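Report on the following structure.
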Amino acid sequence: MKALLDLFKQVQQPEVFDAIKIGLASPDKIRSWSFGEVKKPETINYRTFKPERDGLFCAKIFGPIKDYECLCGKYKRLKHRGVICEKCGVEVTLAKVRRERMGHIELASPVAHIWFLKSLPSRLGMVLDMTLRDIERVLYFEAYVVIDPGMTPLKARQIMTEEDYYNKVEEYGDEFRAEMGAEGVRELLRAINIDEQVEMLRTELKNTGSEAKIKKYAKRLKVLEAFQRSGIKPDWMVLEVLPVLPPELRPLVPLDGGRFATSDLNDLYRRVINRNNRLKRLLELKAPEIIVRNEKRMLQEAVDSLLDNGRRGKAMTGANKRPLKSLADMIKGKGGRFRQNLLGKRVDYSGRSVIVVGPTLKLHQCGLPKLMALELFKPFIFNKLEVMGVATTIKAAKKEVENQTPVVWDILEEVIREHPVMLNRAPTLHRLGIQAFEPVLIEGKAIQLHPLVCAAFNADFDGDQMAVHVPLSLEAQMEARTLMLASNNVLFPANGDPSIVPSQDIVLGLYYATREAVNAKGEGLTFTGVSEALRAYENKEVELASRVNVRITEMVHNEDKSEGAPAFVPKITLYPTTVGRAILSEILPPGLPFSVLNKPLKKKEISRLINTAFRKCGLRETVIFADQLMQSGFRLATRAGISICVDDMLVPPQKETIVGDAAKKVKEYDRQYMSGLVTSQERYNNVVDIWSATSEAVGKAMMEQLSTEPVTDRDGNETRQESFNSIYMMADSGARGSAVQIRQLAGMRGLMAKPDGSIIETPITANFREGLNVLQYFISTHGARKGLADTALKTANSGYLTRRLVDVTQDLVVVEDDCGTSNGVAMKALVEGGEVVEALRDRILGRVTVADVVNPESQETLYETGTLLDEDAVEEIERLGIDEVRVRTPLTCETRYGLCAACYGRDLGRGSSVNVGEAVGVIAAQSIGEPGTQLTMRTFHIGGAASRAAVASSVEAKSNGTVRFTATMRYVTNAKGEQIVISRSGEAMITDDHGRERERHKVPYGATLLQLDGAQIKAGTQLATWDPMTRPIITEWGGTVKFENVEEGVTVAKQIDDVTGLSTLVVIDVKRRGSQASKTVRPQVKLLDANGEEVKIPNTEHSVQIGFQVGALITVKDGQQVQVGEVLARIPVESQKTRDITGGLPRVAELFEARSPKDAGILAEVTGTTSFGKDTKGKQRLVITDLDGNQHEFLIAKEKQVLVHDGQVVNKGEMIVDGPADPHDILRLQGIEALSRYIVDEVQDVYRLQGVKINDKHIEVIVRQMLRRVQITDNGDTRFIPGEQVERSDMLDENDRMIAEDKRPATYENVLLGITKASLSTDSFISAASFQETTRVLTEAAIMGKRDDLRGLKENVIVGRLIPAGTGLAFHKARKSKELSDRERFDQIAAEESFEFGTPETPAAEQQHSGE
């Protein structure tokens, strides 16, 4: 009976586990896995097709070929289950055991595992403390290694050649032992006492001072400690037994024509077995040493190529001269196991087809072709047919469906009712790339898609295809319906803007209907209601754009809040409006006033309208409203009948004169160039400037002509109104085209770019209406081709960036409501060059406050700590003019494994506070990666006219208010009474009456201040001016000039100006100075007071000395009296070199990879006073003396611009040498907040240039992940090593444990890792291995005996569990708490009833261990 029941075993419950451990297998372990030794290299008998006994496919070892049937056919069928046939030795069981039973090969000589030998850094080398080169020579039989020196002067692990060996043998006889090959290496590994070595290394580390040694010891210690902790023996890195993969995983498939297709692994195994057998035979025959050695070496090579072909020497090739695919190749790379089969699987119940537009659908519907639905929902239909009794068996049901009988269609309708399907369009760049819809059955073979979701899918109907997936289980349907239904996803998760905005024709229709025309038919009429206006319109008494008065009923919020009172009450008002707007007022959702429609609706307006509707009226109303807007838009666009004709492109009459004038100016520049007045570069720049201005002028003239038209109003007066020109309306509404494109149609095409990005100086003066000639046509195609090639590259690069971002953040999930931190960042409006780039309201919307927000006027608390700021709150804050709010940020969140909801704030895609379980990491990565393809690939050349801003020489206030200086602003007053700035990083702010910052400007060193702190000014007032062409050196003290080392012809040269005849002294470049002595000195000035004493810097013993750098023009004479603030020398600023600015995608990648820029600027390490030390060859030495008198030196290349001078006080983290900032320095010297501000601002700059909106918090989430490792500075009593990098959470856990045990915790500093490094250094080895460098990751993990706790999303997808995010997080939490409570109950019962359990150890403990 039992056997019968076993037969009908239920589906096995999958094993529940919480972690996966990886390690090295000992030889015994390998033997225990095995079902027998593979002795022969044969695979199958070519005549009978049966596997050869003891061969690679042997049925005795691996199991039967057919279910429940032994090889010779003696035992067949189920009743002999589990019998082992005495004739052929095969167990009668399922054939699928051939997928899981392993074999083994007993190697005649041990073999080193190539991963531990060659994967850098070599683990074998680390453990043995030998170089890789030496170990290789021993392993491949080129040298001997001393195992046991005995009483000889030789050292253990010493390498000797064959010659040496024989000499030493003669000398010492058998006093010592030396070996060759893997046996020798294995002996050495066995001899190592790990505990002893670890102790020794730890003491060495404490006592040594040399950097190199510390590094070396720390590395070795790490490996040895890993062995110590994991209990893995180092000699297991040398294989004695080789496991053999189950045969079904390396199949041999007969092709027609008697040939076979085989997996490469079979070839590789065959070679190993052949060589192994040959070696066994040679050993038995006692063959000469040299032959045996050669065979051993070949065996080692064969095993190497089986494990990782091509890692050492030439790859083994098959018959077709291709390298064979080894075990390592099977798992790594895009086509390997991880990325091909574990992370991306093909799924059943899916189909794909072309999409077409479905304008009649509701937002939550999609049209599904009947035939597709029939196929996708087959099992559901079979079930229904059986239940209804139409068919008795599945087979009969199948027939019904195949014949497509009428009853089947009725059942299909029933089955798909309220059963959502998921639509996906590749590439799925963000979560809106997969949405759920309710299917509506349609004829035809194309899927119908709702026009409003196209923006989210980035779909158009030029042949795009989409895939359909059917959620099967009830839970899946629930989730699809509640979380993924298109009508529940109306906001972009990247920035919280509506994703269901109308575009194209819909916009055109709505725009046309809401425009107003002067003196249209029926102007001035008054209508009692919308229906009357509509009737008049249909009878052609009025036009859509006629200005009329209409009584309009609005639904407004009810003031009466009592029980049972309706939420909205009607309010009737007579509005002056147009007929079209009145008709649209019918679809307004309750709660929105008519005023939102009473204006021409352009694309931006419509987007704002939908946003307002969502915030004021909620999701449901918005969706209905958007749907109705779409219907109206399409209908009205059809009625409008807007089309394009050539006559709509009006070419401005003044074009010819404008172009003619420009050509004259260009000729003039050519003439100047010919006569040598300007350089070729200047001429080019000027010509390009002229043409771009001309192009603008023609465009402006054209737009003026296009945008208005003359009309006669009702009183007969001539007036102009906005034009009803079709092309203008299309561009103005935002439906199609833009001003730039219209300029090409009817203005002039303008300047074109070459493929290298430089600008061709001859413009295309024609436009498309006039037509281009051949040269013009060629010029325009020239740069355009580069654009197309760029696009292809861009897509790949952008995809790779997204992949890296997802990988670094995939384990970041919101796991709790509040971590209780009191840290945050101060948010201010983002100001650049005096312009507000991003208002404060946009930056704090949806964030949680970390300090009370106080009303600046009444000092009362408006919003307490912990308030989530919504739209109303930020508007109030803006109204009150609060200019800084401290908010929570993901960067400072103290949750260990994940984030808390308070630090994250609002979930932008839902418009409410973020839910626990939201995978915010992946959302952040997608939000940054998704617009990647819109970013440019090119680097900008500054120097062309394309982006050459005129050099600023002053700052002007843009608003009225009070001038305020920052704390870093320092200035002196000179003899003329002017204020001269002497600080490098001073900024001037303009604040309004409430003290809110309105704008801020950097004021450079040497500028003259025209307004002082506290001055009341009007907009347009100049704050400061300076000479843009030179950088002055200014004295802060008065006195008599005394030159030092200023010798004409030695350190300075006299320069005479050709035009003016004046002479000045110039400091000569070090390289051009003659004598050796003059190379080291530095020309400088000291100041003497009235008594001839050197002027001292106040409060110090240092005398004032002001150095002149190379190239400075000295403007004072020796012995001259100077006043405070006077200029001693000027340094000409090199005319803006045409440096490339990295822009676009490469810049974003550079920031996230945390790469140090090439010539990074140098930041001051400490706060203190600067002075210059002795210069070395080509370098100048800058010394900062800190407040305690310690000196810190910097060596700076001579050609760099030093931003400080002698005696200047600098703050820690201030830039002292010009250059791009290095993010690592910012983190080290200014802290996490400054770093995050730097990265966020820089990344946002790139996206803002392309007009892409991304919320700051997404970038902050990535930065948090880049900071997730820390470097241990002092290890205290912890298990860490100084200088080691560890996970922050790991370190905090360890420190908590130390504090609990009253031991010393470790101290640490933050480290910034690029996203690739951060992904690879994650705690989860499964996730890291599936990302990049699979071999290295797995090697490292195996030695450390790493345990993967399956915390992230990726690892869980790979092992096939529910991901710990969203509903999966709740599932895992519930499962764990149930396990806990079960265990507690068990312990309780065990305590109460004292009977003996069958097993000595309690199952509770077992349960704990089974999770490993």
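A Cβ is built for glycine as well, from the same backbone N, Cα and C atoms used for every other residue.
Lifted from Swiss-Prot, the feature list:
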- CYS70, CYS72, CYS85, CYS88: Zn(2+) 1 binding site (BINDING)
- ASP460, ASP462, ASP464: Mg(2+) binding site (BINDING)
- CYS819, CYS893, CYS900, CYS903: Zn(2+) 2 binding site (BINDING)
- 1391-1412: region 'Disordered' (REGION)
Out of CYS85, CYS893, CYS903, the listed binding-site residues, fewest other Cβ atoms within 10 Å surround the Cβ of CYS85
Filtered by Cβ under 8 Å and at least 6 apart in sequence, the residues in the chain of ASP460 (Mg(2+) binding site) near it are CYS454
The answer, for which of the binding-site residues ASP462, ASP464 has its Cβ ringed by the most other Cβ atoms inside 10 Å, is ASP464
By Cα geometry, the one of the binding-site residues (CYS72, CYS85, CYS88, ASP462, ASP464) nearest CYS900 (Zn(2+) 2 binding site) is ASP464
Near Mg(2+): residues not in ASP460, ASP462, ASP464 with Cβ within 8 Å of the site Cβ centroid are ILE355, ALA459, PHE461, GLY463
For CYS819 (Zn(2+) 2 binding site) and ASP462 (Mg(2+) binding site), the CA-to-CA distance in whole Å is 49
Same-chain residues at least 6 positions away from CYS72 (Zn(2+) 1 binding site) with a Cβ under 8 Å from its Cβ, in sequence order, are CYS85, LYS87, CYS88, VAL90
By Cα geometry, the one of the binding-site residues (ASP464, CYS893, CYS903) nearest CYS70 (Zn(2+) 1 binding site) is ASP464
CA pair CYS893 (Zn(2+) 2 binding site) / ASP462 (Mg(2+) binding site), Å rounded to integer, equals 46
Top of the binding-site residues CYS88, CYS819, CYS900 by count of other CB atoms within 10 A is CYS900
Integer Å value for the Cα distance linking ASP464 (Mg(2+) binding site) with CYS903 (Zn(2+) 2 binding site) is 40
Between the C-alpha atoms of ASP462 (Mg(2+) binding site) and CYS903 (Zn(2+) 2 binding site), the distance in angstrom, to the nearest integer, is 43
What DSSP gives for CYS900 (Zn(2+) 2 binding site), in three states, is strand
CB neighbours within 10 A of CYS70 (Zn(2+) 1 binding site), counting all protein chains shown, number 25
Given the Zn(2+) 1 site CYS70, CYS72, CYS85, CYS88, its other Cβ neighbours within 8 Å of the Cβ centroid, in chain order, are ALA59, LEU71, GLY73, LYS74, TYR75, GLU86, LYS87, GLY89, VAL90
Per DSSP (three-state), ASP464 (Mg(2+) binding site) is coil
Residues sitting within 8 A of the centre of the CYS819, CYS893, CYS900, CYS903 CB atoms (Zn(2+) 2 site), not counting those, run GLU816, ASP818, THR821, ARG888, PRO890, THR892, GLU894, THR895, LEU899, ALA901, ALA902, TYR904
